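Visitor: First, the structure itself, so that you have it in front of you.
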């Protein structure tokens, strides 16, 4: 078989890159770039063709290969295939196996909007300036320069950047030279004809910056940027090497005042990661660049690039929630400098290992820096809950999922990779203990340093250092779709535990219930003296198992909610014992609440039981428990959002739980407030306002009215700003709506931009909603993200949002083609809950090319069907429960 067509999706293995010399010229006036690359390659096998990746760039006609002997060979044919995103250079004679050479190619293209080498704008003093940055994951490097664009094909990179005077060039590595650039002495590629710099009147308008050579790395974490950047600077000293590493946060000058916090944070996190992994940070410096329009954040080695909202923080105006988000994201991206950059997945099917681990490390770092945030308990309502929710669908996929076509990686870069991946790693950490876990991770990183790996390599290292067979334990968890629900029944002298696959749509059919997992039972018991004991040596490998146990005393499976499964206690007595055991741990209490609601929605338990459990926590001030209750009420509101009677019942339950807490905690934040008090107050005011409590709404509107008159004299509590903004627009009119747009259009704060956009999307007046839809496609991408989310989650704008999406599908698809269109395309539909909705959604997408979001569409259709089943099955039950509850709470 021809080696060039052995694999439709993977490049031929007969040529491998060793080193890239990349010279790229950026023109911010014309928003174009061009360049040339010299790639040192090695011929693994004899071949007369060189195949590499290139897509949506123009290649010059002067490509050549220079052999070690000095002989230059020009291709007889150079052809690009847009379907495979490859360029093939064919030669008259075969190159010798084992020999090396240098491939020379030139390229040019326009700067893009969202991926590859993309542009952002900075508006100041009525002037719009552009700047550029890169976003190459997963397959966008090929849109900028020809390369072997696969994670296992690592090489070193030496980058030179040509740009206009007065701009700053950035790369993964530090610059070792910068000076004037004279194009007459250094033409990039005459085959393109006269270039911008060749025809420029002032040849000294251009500069060239040369950067040091990188370590061996994958193309998706290569990075460079050009623009009017400013920076703040600090450094950290490695405790392992004594080396001083400069740290800089870059942004446009107007944002720099918000860069101090992430700068201090980065200098703390990097040495912590060195200590945790016992492996020094290998690059000379660490930069973070904040660019508008970035697709979240990307862990480029030595030059992380991301949206300002991911990293910037103003302690004077931004909320505690914003601070938590910045700490989490920054820690996540810095963790990738080891887990992903030093050691990289061999192929995209192990993407979860990169993202799941960085998600877990982000939490661990946050907890070490801020133990008062109780991050492990918060994960029960965050990482764990989200992972369990999406993996409870028939349309889910294994954590380690086949992804032969790298162009479909966006479809698996989802909550399964991030949330389930992190939760499974947390389960292993709980079983091994943090010390043994990190010791194994350190061994893994050192053994595969500068190389590529698969999940089995990590399990092997963890097994060798801990003495536990981690490979056998984890094989089913990462290779099988879904997770189990453990059903617990009483038996003489103990309990019987049975495992079946959990599905949110209802009890699994036999054909969908064949999988068995090795389940760590994590049994918590409490004896007669009240002593708590955890047994983490019990595993359920078979369908069911008898566990000897004295059920006269409280016990609970899945202690601290550390396992990735749900537990159903079959009798009131067992439920009571589990609840008693959970009272000593807020993670356990939240886990019980979340399980109760999920089991009821899956028709494995009564919804009335979940409601009774939630209502019984009225009066608690534990923030994590309150957050769980609020989220579960929101889930019911999102299901019955078109049933006004049930909506009002649920709002009354919300008010019953949260209004007394507002009365107790008030609206103002005091200097000595505990972290839990701050969080509980913020949540209580939000829940009470959303539940339409008139007293809370009146107070928030009063404060906003005073704020509009004089911001300085009547500042808003920073943790209440999102809620106050939303209340002002939802219950106000044109005045408040226009004021919110003025904030959105002028603010320099990424957090405030988010708050203002979400508030605009909360409008319930039809005229105001129409105005929002009218501006939606005109706004920049960061604003559109938040507006789309708000309009899709606002019950009043939900159906108009669906129709807007249908009417503007082509425009939205073109705009977000390479930036998460799979998510945007499904977001408006997932809360629909009628059979007519299902049929209309199927009919609409049948006429579209859904190849890039097939999996997401399957999940959306399944979610709609699950919503339909729940509404049809449980409407009478929920009304009956509220009838009884109302009579006792008048």
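Glycine is no exception: its Cβ is also placed from the backbone N, Cα and C atoms.
Annotation source TrEMBL lists active site, proton acceptor at 333. Annotated Zn(2+) binding site per TrEMBL: 332, 336, 355, in sequence order. Residues or ranges marked as domain 'Aminopeptidase N-like N-terminal' in TrEMBL: 17-175. Here TrEMBL flags 261-477 as domain 'Peptidase M1 membrane alanine aminopeptidase'. Taken from TrEMBL, the feature domain 'ERAP1-like C-terminal' covers 555-865. Under the heading site 'Transition state stabilizer', TrEMBL lists 418.
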Visitor: Helix, strand or coil for residue 336 (Zn(2+) binding site)? Use DSSP.
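Guide: DSSP assigns residue 336 (Zn(2+) binding site) to coil.
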Visitor: When you average the Cβ positions of 332, 336, 355 for the Zn(2+) site, which other residues in that chain have a Cβ within 8 Å of that mean position?
Guide: 299, 333, 335, 339, 340, 354, 357, 358, 359, 361, 362
Visitor: Looking only at the domain 'Aminopeptidase N-like N-terminal' (17-175), report the model's average pLDDT.
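Guide: Per the prediction, mean pLDDT sits at 96 for the domain 'Aminopeptidase N-like N-terminal' (17-175).
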Visitor: List which of the recorded positions 332, 333, 336 have their Cα within 10 Å of the Cα of residue 418 (site 'Transition state stabilizer'), in sequence order.
Guide: none
Visitor: Rounded to an integer, what is the Cα-Cα distance in Å between the residue listed as 'active site, proton acceptor' and residue 355 (Zn(2+) binding site)?
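Guide: The residue listed as 'active site, proton acceptor' to residue 355 (Zn(2+) binding site), Cα-Cα distance: 9 Å.
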Visitor: Which state, by DSSP, holds residue 355 (Zn(2+) binding site): helix, strand or coil?
Guide: helix
Visitor: Provide the number of Cβ atoms within 10 Å of the Cβ of the residue listed as 'active site, proton acceptor', excluding the reference atom itself.
Guide: 25
